[in-house]
Amino acid sequence: MTDDKKITGDLPEPVVRKPRINASLVWLVPVIAALVGLSLVIHAWSAAGPTISISFQSAEGLDPGKTVVKYKNVVIGKVSTVRLSEDRSHVVAKVALEKSARSFATADSRFWVVRPRIGLGGVSGIDTLLSGAFIGADVGQSQEPKDDFVGLETPPTVTHGAPGKTFDLHADDLGSLDIGSPIYFRRIQVGRVSSYHLNEDGKGVTLQIFIDAPNDKYVTTSSRFWNASGVDVSIGADGLKVNTQSLATVLAGGVAFQDPPGPHDATQAQENDAFTLFNDKGTAMAPPDGEPRYIRMRFNQSLRGLAVDAPVEFLGVPFGRVVSINLDFDEKTQTFPTIVGAVVYPDRLGKAHDKLVALAKARGDDEQMSQMMGRLVERGLRAQARSGNLLTGQLYIAMDFLPKAPKVEFDGRSKPLEIPTAPGDFDKIQQQIADIVGKLQKVPFDSIGNNLNDTLAELHKTLQQVNGSVLPEVKTTLQGAQKTLGNANNAFAPDSPLQQNLGGSLQELQRAARSLRVLTDYLGDHPDALLRGRRADDKPLQAPPPPPPQDAPSQGSKP
Amino acid sequence: MSDAGNLPRAGDLGLIGCHVCRLVCRDVEAEDAACPRCGSPLHKRKSNSYMRTWALLIAAFIFYVPANVLPIMRTVSLGDVDDNTIMSGIIELWVKGSPDLAVIVFTASIIVPMLKFVALGLLLVSSQQGSRWALRQRSKLYRLVEFIGYWSMLDVFVVALLTALVQFGFFSQVEPLPGVVFFGLTVVITMIASMTFDPRLIWDGRDFDD
């Protein structure tokens, strides 16, 4: 059939050429496609890092498939799903990390949502206003793998590996400090508060601060930290002084630190060293407190004006404060003594304490404080409630040596240590005044007054007499005396005739004496002259010069 | 069955036509015959049409997977980075209030390629088995596949246009991502596949041979 249909005319014959490439090579196309697809899968598989889940309080700003995880602004992963936790208390975001970010799935990595934040310390994360929130990451040093994280609600203030040091500060309370509060050194910000937590026993707060390098070298083992928040106003002799750190500190709080003045240990503090956070600079710069000790005092007097936190001073050095004031009842004496509890810091006494401790050790006293105190009490150490301010009547406790204090028994083993007390100055004064008043009352002021009155009347009479008769006579007598004195004055004046006459008389007398001597000398030499009279050749009496004083007596002694 | 069954076909008459210069030659049943006039290869049907079409179809299908899984476009507006796959883009369009656009993109990017895979697969299977079922409709289907082929390049065009037009730095920016390459490859390979398929095979029913 088919042959019939074939047209066998002069149709051209096709040329037969050598075979072309096998058509089955077309299978290379799907093979290549498969290879490409496979490579994609392998690439995706190899590039896929670990998947971690991070729980947050809220999913605000978290967008599955869009929100990225960034470390140093480099994308290291992406949120794949966000779901509510089973107990509905938080949200869990699944994050697919990139393979290069495998190290972020380790135990001490931290994650937080970066949202725009405006605080007193400044504005942060402002770029997220437009781009939406992202998850910030911070990697730690740990190698331990972990894939379940709890996201931080606030960004950490310190990233791992930031140069600097972390220190612990112990404080009674947090004050106005917060995470991120600045740390100042000489009013330059050198760090910030990185975290804080209540102490286990609830009796304080521990703050962790971070000081950036290179300023961390200024923290020494003897550095003092104090709360720099607030305004310190003081009125002194030189007027009103207002002392603050920066304005931001006043508003938001801050911590300042400095080394104490004077010689101190200047070795650099080690990482995680603990310090005490003082309330103000004054307390911070005071000698170190050392270990606090609790003492008790029993006062048999009213302590009106003594308040908790009143200072306790030892010889004028503040070294503690009152922590409790309680009334007690003494059945024997039916009185109400006041029990005052105080915390004292013996270290504040500085050198004195050191020496006392050394002495106590040398003596072999094991209970250093109590035995030492015992000796001091023997020497008259007593606690007194003294008036610190006469205007407000506030009291403070003073520990002083009262040598005249009556002896008391001292139990060095009692806990807490009970310091014997003495009545305070004010009490003493009161007592003395009362004594004086009592004595004064006994004085017979009435009779004394009457007698005095009589005496005064007599005196009055006498004085009248004196005025009437005695005084005029006295006057005339005085006038006479004045005259006499005037005469005497005239007589004895240097230019008075009496004076001149006297001078002349004396000269004459001198002359006469000399003549007499010449005469006697002459008669000594010439005794015959008495008989014969004076010879002519003899020199006149006045002619010979006065002989030398030695000759005269020798000549005179010859006869 | 009808007239078509009785009328002779070129193969029945031992003739073969050159596709290039239209010279009609005697069919020598040789595998590698060439036109004596213009030298182009002669074959009764497109050579290895089934095999090539299958291969290309499979390749296109393989590429279609990454084309849908990988993101095709990244839009950055005001720092907000948004990577879109084909499907997420369609969903976004739908959610953000352009359902008409969403339908168009869905048709062009999802339905059309899928339709081409199904249609070509159907044509291949039915023709290989020499089925005589719905011959004319199958021919129409083939023409439809050829016709709609290039329309599925819509996504590629959109990405190319946006990338070229939207470059405003931080405010707005569009970048193409690898997905669009695979999508383009899928479209191109399906078009080639539909071209390698010889529609005459539809009519080469087993019945005609016997």
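Cβ coordinates come from backbone N, Cα and C, glycine included.
The compositional bias 'Basic and acidic residues' annotation in TrEMBL covers A:528-540.
According to TrEMBL, the feature compositional bias 'Pro residues' maps to A:542-551.
Taken from TrEMBL, the feature domain 'Mce/MlaD' applies to A:49-119 (among others).
The domain 'Mce/MlaD' feature in TrEMBL is assigned to A:164-224 (among others).
Note on the domain 'Mce/MlaD' (A:293-400): mean pLDDT across this stretch is 79. Annotated domain 'Mce/MlaD' per TrEMBL: A:293-400 (among others), in sequence order.
The region 'Disordered' annotation in TrEMBL covers A:528-559.
Residues annotated as transmembrane segment in TrEMBL: A:25-45.
Same-chain neighbours of the transmembrane segment (A:25-45): none, counting only residues six or more beyond its ends whose CB sits under 8 Å from a CB of the stretch. For the domain 'Mce/MlaD' (A:293-400), the DSSP counts in helix, strand and coil order read 28 helix, 47 strand, 33 coil. Helix first, then strand, then coil: DSSP counts for the domain 'Mce/MlaD' (A:49-119) stand at 6 helix, 40 strand, 25 coil.
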